[in-house]
Amino acid sequence: MSNSTVRRFCFTWNNYTELNYALCQEFIKKYCKYGIVGKELAPTTNTPHLQGFCNLQKPMRFSTIKKRLDNGIHIEKSMGSDTQNQTYCSKSGEFFEAGDPQCQGKRNDLQSVVDTIQAGNGSLSSIANEHPTAYIRYFRGIQEYIKTVRPIPPRYHKTEVRYYHGPPGSGKSRRALEEATALASDLNDIYYKPRGTWWDGYKQQSCVIIDDFYGWIKYDEMLKICDRYPYKVQIKGGFEEFTSKYIWITSNIDTNLLYKFNDYNDTAFVRRIEIKLLIE
C-alpha cells in the first residue's frame, strides 16, 4: 500500500483486544470530525474484528495512522459517505461513535473554499492549489465571492507611464521588459496587454506593457489608465480594478501619429507620460 495522505478512511482490525477497542475510541475523539468503530464477527470464520470509519480533522498519512493505532490493521480510503459508513459500522449493534456525520458533496466542498478565503488565504492561486476540484467546477463563483468579501481598493496614485518609440529592431521591447522585471515582484507581476478591448488575465499586476502600439486602445481609455483616478478595465464577463503602478508603451511611431480621428491632439496623452524616449 502506498503511503498516501487521506482524510476519510475505513479500517478493519482482526482479533482485537479491549485495549485495541479503547485505543480506537481515543483516536476518534482526538483526531476525527466524525468517527465510528463497531465490534463484529466474520460470518464465515467467526473471526472477531473491529470495523471502523474515520473522517479526520486534518489529512494524515497511512503510516501515521498505523503508528497511532496498529501496524497490523487494514486501511482503505473510504468511497462512501459518512452516513453510509455509519450504517455499515453500526450493524452489529455494539459500537462507539463520536462527532456528527459530515455532509458530502458540493456544499461541503464549497464550505471548505469559503473557510480558506475567510482565513485570509483566499487568492485564486491558493484556492486552485488547495481546492483544485472546487476551483475547476466553481471558478466564476469563487472569483466573484472573493471580489465581494475582499474588494480591491481603487487606484488613487498616479500610474507612471513610459513611452518608447523608434524604428523596428531598436530594442524598445527589450528595454521595457528589462525595466519591468527590475520593478516587478516577479514575472507574474508583469501584464502584457493583448490587442483589443479585453484585459483578460489582468490581476492588478504592478507592471503593464503595451507592446507594438499603434492606436488599438481607445483614446479615452488610454487617458484613463495613464492617470491617477479609479478606473475599471473590461474582461470577458466583468471588470477588474486597474491599480498598476507602471505602464510601458512601445511603438514605431510618435504619439502625435497614434490616432486618426478628426481633431486628434496628443497634448493630454503626453501630459500623462513621465518618460518619453526616441530609441534608434
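Note that Cβ sites are derived from N, Cα and C of the backbone, with glycine treated the same way.
The feature domain 'CRESS-DNA virus Rep endonuclease' is assigned by Swiss-Prot to 3-101, with sequence analysis given as support. Annotation source Swiss-Prot lists motif 'RCR-1' at 10-13, citing sequence analysis. Here Swiss-Prot flags Glu40, His49 as divalent metal cation binding site, drawing on sequence analysis. Residues or ranges marked as motif 'RCR-3' in Swiss-Prot (evidence: sequence analysis): 88-91. Marked as ATP binding site by Swiss-Prot: Gly166, Pro167, Pro168, Gly169, Ser170, Gly171, Lys172, Ser173.
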Exercise. What is the Cβ neighbour count of Gly169 (ATP binding site) at a 10 Å cut-off, with all protein chains included?
Worked result: 7
Exercise. Can you tell me the mean pLDDT for the domain 'CRESS-DNA virus Rep endonuclease' (3-101)?
Worked result: 93
For this session: Check the binding-site residues His49, Lys172 for other C-beta atoms within 10 angstroms of each C-beta and report the one with the most.
Result: Lys172
Seminar exercise, completed: Within 8 Å of the Cβ centroid of Gly166, Pro167, Pro168, Gly169, Ser170, Gly171, Lys172, Ser173, the other same-chain residues by Cβ around the recorded ATP site are Thr250, Asn252, Ile279, Glu280
For this session: Work through the binding-site residues one by one (Gly166, Pro168) and point out the residue whose CB has the fewest other CB atoms within 10 angstroms.
Result: Pro168
Problem set entry | Proximal but sequence-remote residues of the same chain as Ser173 (ATP binding site) (Cβ under 8 Å, at least 6 apart) | Ile209, Asp211, Asp212, Thr250
Exercise. What count of other C-beta atoms do you get within 10 angstroms of the C-beta of Gly171 (ATP binding site), across all chains shown?
Worked result: 13
Problem set entry | For Ser170 (ATP binding site), nearby residues of its own chain (Cβ under 8 Å, 6 or more apart in sequence) | Ile279, Glu280
For this session: With H, G and I counted as helix, E and B as strand and the rest as coil, say where DSSP puts Pro167 (ATP binding site).
Result: coil
Problem set entry | Residue among the binding-site residues Glu40, Pro167 whose Cβ has the most other Cβ atoms within 10 Å | Glu40
For this session: Write out how many residues of the motif 'RCR-1' (10-13) are helix, how many strand and how many coil, based on DSSP.
Result: 0 helix, 4 strand, 0 coil
Exercise. If we check Cα distances from Glu40 (divalent metal cation binding site), which of the binding-site residues Gly166, Pro167, Gly169, Lys172 wins as closest?
Worked result: Lys172
For this session: Could you round the CA separation between Lys172 (ATP binding site) and His49 (divalent metal cation binding site) to a whole angstrom and send it over?
Result: 75
